[in-house]
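What TrEMBL annotates here:
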| type | residues | note |
| --- | --- | --- |
| DOMAIN | 95-496 | domain 'Major facilitator superfamily (MFS) profile' |
| TRANSMEM | 93-111 | transmembrane segment |
| TRANSMEM | 131-153 | transmembrane segment |
| TRANSMEM | 160-179 | transmembrane segment |
| TRANSMEM | 185-205 | transmembrane segment |
| TRANSMEM | 248-272 | transmembrane segment |
| TRANSMEM | 300-324 | transmembrane segment |
| TRANSMEM | 344-364 | transmembrane segment |
| TRANSMEM | 472-492 | transmembrane segment |
| TRANSMEM | 540-557 | transmembrane segment |
Amino acid sequence: MNGKQNLDLKVEFIGEHSPLAGTSHKNSLSQEDSFIQTSNQSHNETNHEHISRIFQGSPVDLSGSENIEEIDEAGREFNDGSSTDPNLFKYKFFALLCTLLISVGSHYSAHTLGALKSTIKKELDITNAQYGALQSSVSLVNTIIPVLGGLFIDSFGTSLGSLLATSLIMTGSVIVAISTNMSSFGVMVLGRIIYGLGSGTIVTVQETILGHWFRGSSLAVTIALQISTARLSSFLSMGTAVPIANWVGFYGAAFWASSLVCVLSFIVNLMYWYQMKHIHKRTDVSSLQKLILKNKFNPGLIFLFSGLFWLITAESFVLGSSWTTFLHINSEFIKLKFGVNDEIAAWNASISQLLPVFLVPFLGMFVDKYGRRPELIITSSTTFLLSILILGFTMVSPIIGMLIFSISLALGPVCLISSVALIIPSGMLGTAYGIYKSAQNVGNTVVDIWVGQLQDNNTDGIITSKDYQRVMYFYIFWSILAIAIGTLISYIDKKYHLSLLYSNKDYRIHALEYFRENSEVHGDLQPQSILSSMINLPKSYPVLVWIGFLLYSWYLFGKYLL
């Protein structure tokens, strides 16, 4: 292909407003490029691999979950020599089954509290704001955990790390159950914090195991199964907590039941650990080092992230906190608004977890093939707003509102997290995801307590649906803010980022083909220079805002804990 054809291809697939237009990027690496390159020397990726991860439809786009970042390891070789083992399929199936089950206890325990909100407030004699602090105790510790992912893997490895995570989940759940017998708010908070330490690290453990045993499209499928299993566990938790409490006649029975599920998950983990020792199947050193580097938080990189990344993080802060905190209160809201008992309210509320069980794998494939992430982010925000309007201001069956909310819950994570992988070079993903996860948990912590404050300020001592009036107005404002941020993401993506978030697989393939051919014609045009040119050096205010909210979340938690 001659230079004229190269230029035509450049205009067709990149656009005249692209940072790639012109010849200024054919020069040597800038200081930013050199800094990134130095920070990630151990990656040793080829130019083709580096571009492919950003532009080609890699399996990163298929999962659509909070664990999606693991999939960018899909291209590595399964090079430990076991690929010729006739029992390999059996080992992989066993590993997949165990990986899916070791987090069931964590997800089941996560939503027991929300289903019993009214009972817990009464039994522990706490305010709505204190209940918010109780819920936020899990997200609070996970404002820090994401930046320690690499350290955790480095310190404990995969087998011991998984045992530590599940033991923390089990111990925390048992302490929470004990607190119900003691009627102690402080003990319950302690249990939730310990549980949060485990639930925050179990994700890293699952990523490690799946990333070791599977690759390519099979890894994307296993990640999708992991997400579906998590949502199914949450659905069952919300639906069974009240019936168990009513059957036994003591609300603490639901927490003891969730503790039992956590014990079973720990036992499954022990079985996996023993079997792996038996077949001598461990994560190879090179793969482990890649995972450590990918989860490593590098503070020096945070000033290199583009404005688009910070907008995606802000959207996660707003929209992510909307989903999580509403799931913490939706059962009590339905009970008060529609005049049903706790059991019916909990089952209606659990419908919010239902659609993601089935939709996430298909949504992941849709996004991978067709793109349209900004549109779906806006749609997710809009469906959340619609669900709040229906639930808060009509008497239409709450099932309708919960189903619409469920659509929002299915759409959003698919698009938000996969967007990060498209605009951030792979060597910087560990730091990017650390900020992303931290910001999301900061949002959960703050909004949980804000919602409780709004309820307490709107009550006259008698618990009614009017207590939620200000809360619903807040969620309307919050969802409109999410729509505005989503619209800004769409604009910035189109104007400055090659429409990568909108792009489909064919676009990325053609873009990759252009880069390959362009490298042959222009030897001085380095792919890493191209990628880093997409990263603008922002002012420090996004970082300061993130740190400010992080500190504020800890202050707010301490205020209502004491």
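Backbone N, Cα and C define each Cβ position, glycine as well.
Those TrEMBL annotations? Automatic predictions, nothing curated.
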Exercise. Among 93-111, 248-272, 472-492, 540-557, which stretch has the highest count of C-beta pairs below 8 Å with the transmembrane segment (185-205)?
Worked result: 93-111
For this session: Report the listed stretch (93-111, 248-272, 540-557) having the maximum count of Cβ pairs within less than 8 Å of the transmembrane segment (300-324).
Result: 540-557
Problem set entry | seg_contact(the transmembrane segment (248-272), the transmembrane segment (540-557)) with at least 3 CB pairs under 8 angstroms, min sep 6 | no
For this session: Six or more residues out from either end of the transmembrane segment (540-557), which same-chain residues have a Cβ under 8 Å from its Cβ atoms?
Result: 133, 136-137, 140, 143, 302-303, 305, 307, 310, 313, 317, 435, 438-439, 442-443, 445-446, 449
Problem set entry | Outside the transmembrane segment (160-179), six or more residues from its ends: residues with CB under 8 Å to it | 102, 105-106, 109, 152-153, 185, 187-188, 190-199, 201-202, 204-205, 208-209, 252, 255-256, 258-259, 262-263, 265-266, 269-270, 272-273
Problem set entry | Averaged pLDDT score, the domain 'Major facilitator superfamily (MFS) profile' (95-496) | 84
